[in-house]
Amino acid sequence: MGTQISEKQSPAIDFPQPRRKAIHFQPVVPDESPQSKIHWHVAIPSRLSNETIAIIPTTDLTSPVDPYVPIFCHRVLSTQEFRRRLWHMTPGLLPLLLWVIPHTDPWGWILWSVVLGLTLMTATIMLRRFSRIARPGEDHGYDAVLAYAVVVLATLWLFPGREEIGMMTLAILAFGDGSATLLGLKFGERKLPWNGCKSWVGLWAFIAMGTLAGAIMFWGEFRPGVDFRLALGVSFLASLTAGLVESFPSLRNDNLRVGIAAAGTGAIAHFLLIPS
């Protein structure tokens, strides 16, 4: 009789399973109520862009031509955004300071030193305190602040004896762009066909305030003098071009492209409309 060897199975060891964090995906379902449709564009912050947050197909067409409708735009007129606009407009007051400083065209090295010193001081203060006005996703303000300063200084340097072009560019950047954001966020419910995160109110505010502020700074800096109506004409063309450029979507800060558009158009209009 053979020996029967029984094999005992070792007891199973119950290892603790790692915890798994449940991830719940909540689909974006458009609300059909009229109230929600008005405020889609201010719903959710994003790190993607200052312009367009998400574009998805939807059956509720706000445009009968384009079935892709912007769902979110991250900016609202908060206290922080209002403070950011004030910071944006403050450098535009620099030309008023130059009105009380006697100078000739082209600028001498003393006035250039004053302007460079004020620019450096203003840029340093803004960069050091940028966190107070930063939008979601902005780690620093180098692109916004430096583009603002560089485009104005470059315009002044490229057109010696025509410093009014640089002063006009500064005013359009400060007051045109700043007013577009303020009034657009507050009253801009009707959006642009080519950019659902920008409004007609913002575009007209840019052109109107940019034209007025730019003309005042252009007229005040022009030597020996110029008819204010000509200053308005030059500033209007520059503001119109810059406002249209600003209205198109972009993933980068728009200070550089808006400034280049204003300076380039302003320089061309200056030489065409105002005889030497």
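We count from 1, first residue shown onward.
Placement of Cβ uses the backbone N, Cα and C atoms for every residue, glycine included.
Annotation comment: TrEMBL describes 85-101 (among others) as transmembrane segment. Remote same-chain residues near the transmembrane segment (85-101) are listed as 111, 114-115, 118, 122, 126, 133, 148, 167, 170-171, 173-175, 177-178, 181-182, 213, 217, 220-221 (criterion: CB distance under 8 Å, separation of at least six residues from the stretch ends).
Under the heading transmembrane segment, TrEMBL lists 107-128 (among others).
Per TrEMBL, transmembrane segment is recorded for 140-159 (among others).
Cβ atoms under 8 Å from those of the transmembrane segment (165-188) belong to residues 75-77, 81-82, 85, 88-95, 98, 148, 151-153, 155-156, 159, 198-203, 205-218, 220-221, 234-235, 238-239, 242-243, 246, 254-255, 258-259, 262-263, 266-267, 270 of the same chain, restricted to positions at least 6 beyond its ends. Marked as transmembrane segment by TrEMBL: 165-188 (among others).
Annotation source TrEMBL lists transmembrane segment at 200-220 (among others). Beyond the ends of the transmembrane segment (200-220), by six or more residues, the same chain brings 92, 95-96, 98-99, 164-165, 167-172, 174-185, 187-188, 190-192, 226, 228, 231-232, 234-236, 238-240, 242-244, 246-247, 262, 266 to within a C-beta distance below 8 angstroms of the stretch.
The transmembrane segment annotation in TrEMBL covers 226-244 (among others). Panel annotation: around the transmembrane segment (226-244), residues 168-169, 172-173, 176-177, 180, 203, 206-207, 210-216, 218-219, 258-259, 261-266, 269-270, 273-274 of the same chain, lying at least six beyond its termini, place a Cβ under 8 Å from a Cβ of the stretch.
Counting only same-chain residues 6+ beyond the ends of the transmembrane segment (256-274), those with a CB under 8 A from a CB of the stretch are 147-148, 150-152, 154-155, 159, 162, 164-166, 168-169, 172-173, 176-177, 210, 214, 218, 226, 230, 233-235, 237-242, 244-246, 250. The transmembrane segment annotation in TrEMBL covers 256-274 (among others).
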